[in-house]
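According to TrEMBL, the protein has these features:
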type	residues	note
DOMAIN	128-405	domain 'SAM-dependent MTase RsmB/NOP-type'
BINDING	Asp250, Asp277, Asp306	S-adenosyl-L-methionine binding site
ACT_SITE	Cys359	active site, nucleophile
Amino acid sequence: MKYFSHINTAVQLLQQYNGSVPFGSFIKQFFSQHKKYGSKDRKNISHLGYAFFRLGKAGLQLPVEERILTGLFLSSPEPNELLQHLKPDWNEKTQLPLAEKAQLAGIALNELFPWSAELSEEVAYEPFCASFLTQPDLFLRLRPGKAAVVKNKLQQAGIAFKEINPSCLALPNASKIDTVIETDREAVIQDYSSQRIGELMELIRASTALSPNSSAPSTPLRVWDACAASGGKSILASDIFPRIDLTVSDVRKSILINLEQRFVTAGIKNYHSFIADLSTSSSNIQPAFARASSGKHSTFDIIITDVPCSGSGTWSRTPEQLYYFEPQQIERYSTLQKKIVEQAIAHLKPGGFLLYCTCSVFKKENEEVVQHIQEKHALQLLKKELLTGYTQKADTLFGAVFQKR
């Protein structure tokens, strides 16, 4: 029977997996080596694997198969074909409130994420724990002037969406949009909370008009995206600020090559880029800075530090990271973040703005780094905010804006 085959394959997958690569990448590699599985089989087996991880640190004593079924039961809002055959008594109760389902399955929801003492102060613990049992939505940020054309294309393709605000759409996570819209040119795939970092950029935009030390309105703002990664914040900044002179950096050349290709699609042509490990001495960065800035002073009006972090605000999307996480990693990330910020602030103009971001829910990566910046530097905190998404099928991010005195 296919249901036993699916769960046995999921068990096999999980026994081979060790968390060293994203589970999604591991699954793709597995199926590329085992061609016998059809599209629906691959989808169901993958879903079972993720159900195992959605229990986080709860139910660790359960056998793998039982843990899969428990995760499937708790994360299913309606009857499920596999549960019907393997756990029919549970399948009749999938629509019960989550707390009742957890009690029935013998799972304490607060064990999914057992580090409540480490959380940022604004996190609502119980809804946050419950969010790991829900697959987040796919969010689109509509590029300026492209809202009507994107919505029309989605409607023509029969893809359902919900309008969160005039520039943000939420779609079912499995929506196939690559052949429907021009990604990055017309809309950016970007989580809702990540899009809301734009609210902090808008605060900077309003403040630059009032700052006596900022560049003249006719002069492009010099913006450095210091940990550019896939470039989502750079594209967001390009859409928000009328004129910018953009510089991007990251630790690996491969990241910047991918970024170059994405910027071409997004219509970002004039920018500087360089490889930089901001956790090392500033003397190692200066030569690359000089080459990238074409002889300009290596100081900036705006510096974006979307720093490496635990990613704990995104674990509903990647629950395997929750399963394998060890709390001692928090301190390691916090130390790294402080080093990166130290390097970045050295290149901030008087009157310039620092935007600090993480996709973490841990206070050591969020409020404590903000406190470190305030204690060590002549920077004024203009705003800090935890951008919670766990009740909206979105990620949770943290952002803070500072101005250099």
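A Cβ is built for glycine as well, from the same backbone N, Cα and C atoms used for every other residue.
Note that TrEMBL annotation is computational and uncurated.
Features as recorded by TrEMBL, highlighted on the structure.
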| residue | record | DSSP class |
| --- | --- | --- |
| Asp250 | S-adenosyl-L-methionine binding site | strand |
| Asp277 | S-adenosyl-L-methionine binding site | coil |
| Asp306 | S-adenosyl-L-methionine binding site | strand |
| Cys359 | active site, nucleophile | coil |
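Maximum C-alpha to C-alpha distance over the listed S-adenosyl-L-methionine-binding residues Asp250, Asp277, Asp306 is 14 Å. Reported as a whole number, the C-alpha separation between Asp306 (S-adenosyl-L-methionine binding site) and the residue listed as 'active site, nucleophile' equals 8 Å. Comparing Cβ neighbour counts within 10 Å across the binding-site residues Asp250, Asp277, Asp306, the minimum falls on Asp277. Other than Asp250, Asp277, Asp306, the residues of this chain whose Cβ falls within 8 Å of the Cβ centroid of the S-adenosyl-L-methionine site are, in sequence order, Ala226, Cys227, Ala228, Ala229, Ser249, Val251, Ile255, Ala276, Leu278, Val307, Pro308, Ile340. Under 8 Å, Cβ to Cβ, and six or more positions away along its own chain, the residue listed as 'active site, nucleophile' finds Ser193, Ser194, Cys309, Gly311, Ser312, Gly313, Thr314, Asp395, Thr396, Leu397, Phe398.
Across all of the domain 'SAM-dependent MTase RsmB/NOP-type' (128-405), the predicted model scores a mean pLDDT of 93.
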